[in-house]
Every structure is written in structure tokens, then in C-alpha cells.
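Beneath this line is the structure, given in C-alpha cells, with notes to follow.
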């Protein structure tokens, strides 16, 4: 049966960020630079934390996990895009598209969960400092990360299996530089009502739920900080969560900006360009935010390179 009749197809066509050939070299160089900086920066954070016994605490345990997730997150999309530009071949196989979509969804949701767990860690540290080491014991920390992984894996598996049940029409061009779930569903010529319902339900549950948890944690943190009598004490308490708050604002700000702008303009290429912010720029900036604003990380990096 032909693709136009609704059978499963063998490949998609990724249109990328621009069709202009003169921009391809610029885009390639820019994205290659950002990818190298992202991998190198996050890898340095992981090495600094693992090599310094002073940083073997819950906060830095979660930070090392966030850095690992950020490396994996960008690695699901950018290398394939760079290969497509270099070879001038925009084709991605059906299996490759499903695989990319699975891992992209896995790591973006996992990023979300890790940020939520880090918010809970800061809440306990500031609001219950005397019981911090008792509450945030190694077993709980490991369990929180494990549950985050399991929920992310199950979510990605469910969404990927639902896409596998769809059939596709002859127009197989994805106006994006990677196989985004929403864009792939739009290409289906079978009924996508259940997919869309499930997509928005999971978006609210796994996106809105953690965001509410983060906002609740920070509302309690702000209340505790305001109750501290000295200005120095307030500054010290706020400085312990300033980096995390910056990363959360950057992650959710870019994600919401992408989806709100795409809903307003309905322009797929504009949405693809905007999505660069949270798929590439945010993971690249995270190491700078934590290393520049955190003296412990700075000292650990100095000791690491001083060996």
C-alpha cells in the first residue's frame, strides 16, 4: 500500500532551521560550538563534583545528575542536525525518528523532574536546616532520582507507542531540526484525537505538576527568608538557591515562550527557531550559571585542574 493511503512509512524529511544554503555553514558552526560548550561545560561540573569529597552532598548530587541529563538532552538532537547539514541529506528514518523522539521526550521530562527535586532540596535546606541531613539522606536522594527516571521512561514509552499506532500521509516533511512529538503527530492521516488528548494531559500532569511543586517550594523558602532577622542571614540563605532559581527561570521561561509563541503564530519554522532556546541554549548556560555563582564549584574546578 502507498504512503498516501495511510500505511507506515520508512523515512521523514527534517527541514531544519533554514532552507537558505548560504546560512547552512553559519548554522553548522554555531550549533557545533554550542554543542561542544554544552558537553564540555556539563562534563566539567560532573568531574568537579565527583572528584571533590566536599561536594558529595545532596545538592551537588542532584546537580551532577542535571548536568548528565543536559548532555544527553542535547545529544539527542544536535549531532543528527549537524550530520544533516554536513551531508546535505535531511532524511531521517522512521525508526530513527521514533528513537529520537523517545529520548528527547525522556530527557526533557527528566530535566523537569530533576529541577523539581532540587527545589525540594533547597526547601528542606532553608526551611528545615537542623533536620536537613536526616531528611535528605542518601537513600531518599537516590530514590528521588530513580523515581524521576522511571516516570520519564514510562512517559516516553507511552507517547512513542501511541505514535507507532498512527499511519502517515504522503507529506512527510517535518518543519523542525528534530522529530518533535507534536510535529510528527500533525503529519498523521489517521485519527489523532486520542494522541492529542493524551499529549495535553501528560503536558499538564508532568509539566504543570512539577512547576506547581517548584512554586510551592519557593513560596515557603521566601517566607522563611523573610523571617530571618539579619540582612546577612537573608543574603546567605538566598544565595544557596539563587543558581537553581536562575536555571528554573531560564528553563520554564524558554519552554513557555516556545509553546505560547507557536500557539499564537502557528508558524512551524518560527517555533523551530524558538525551541533552540530550551533545547540548546539552556543546557549550555547551566554550567556557567552554577560555576560563576557558586564558590564551591569554582574551588573544586581549581583543585581539579591543579592536580
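For all residues, glycine too, the Cβ spot is worked out from N, Cα and C.
Checking TrEMBL for transmembrane segment across the ranges 83-101, 102-120 points to 102-120. In summary, the transmembrane segment (140-158) lies against the transmembrane segment (60-82): three or more C-beta pairs, each 6 or more positions apart in sequence, are under 8 Å. It is 25-48 that, among the stretches 25-48, 102-120, 197-216, 237-260, forms the most Cβ pairs under 8 Å with the transmembrane segment (60-82).
Outside the transmembrane segment (102-120), and at least 6 residues removed from its termini, the chain residues within Cβ reach (under 8 Å) are 59, 62-63, 65-66, 69-70, 72-73, 76-77, 144-145, 148-149, 151-153, 155-157, 159-160, 178-181, 206-207, 210, 213-214, 217-218, 244, 247-248, 251, 278.
Within the chain, the transmembrane segment (25-48) has long-range Cβ neighbours (under 8 A, six or more residues past its boundaries) at 16-18, 55, 63-64, 67-68, 70-71, 74-75, 78-79, 81-82, 85-86, 280-281, 283-284, 286-288, 290-291, 297, 300-301, 304.
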